[in-house]
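According to Swiss-Prot, the protein carries these features:
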type	residues	note
DOMAIN	92-152	domain 'S4 RNA-binding'
REGION	22-43	region 'Disordered'
Amino acid sequence: MARYTGPTWKISRRLGISLSGTGKELQKRPYPPGQHGPSQRRKLSEYGLQLQEKQKLRHMYGVNERQFRKTFEEAGKMPGKHGENFMILLESRLDNLVYRLGFARTRRQARQLVTHGHILVDGNRVNIPSYRVKPGQTISVREKSRNLQVIKEALELNNFVPDYLTLDAEKLEGTYTRLPERSELPSEINEALIVEFYSR
């Protein structure tokens, strides 16, 4: 299944989460597209709730179904809680950490920066958005790319870096210091529903 590249606002409204990170999609019309008001949101079945939760997380991180399922299966082989490990693996993606560091305004923009070769890991260019960053590794902007307007604008708007990352804004360099804890990951996701979905 290919990655969705259509209007994120429509998907955000359908799933009830902000994929842009701004929350603007939900401010004006906080109900699914095609409906004429919030009261018409239909009640979902148990399967529907599980599917919706899976789609929320998949679209949030911008991962296609094949990669999403592969990461889920990998998380199941790790010690600890399956759902929590799954979310930690998604959070450790290079494109996501570029976004978390504030080098991009959205994960989609971060993915483009990685794909176009603007991002280094431990000083080496990595152009694979799904690259899994390990604790202790550094993420930086390539010297020739440091004047890109999209990066400057993103850094100006960014006012929060998670505790599992450190950022040197002058050097445009950050370090993934440790794996995140569940309390530091998206609270609007119920990963237990996703585990149930794939266990059917």
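Going from the start of the chain as shown, residues are counted 1 onward.
Placement of Cβ uses the backbone N, Cα and C atoms for every residue, glycine included.
Because the structure is a prediction, the values reported are computed rather than measured.
On the 0 to 100 pLDDT scale, the domain 'S4 RNA-binding' (92-152) averages 98 in this prediction. In terms of DSSP secondary structure, the domain 'S4 RNA-binding' (92-152) contains 23 helix, 11 strand, 27 coil.
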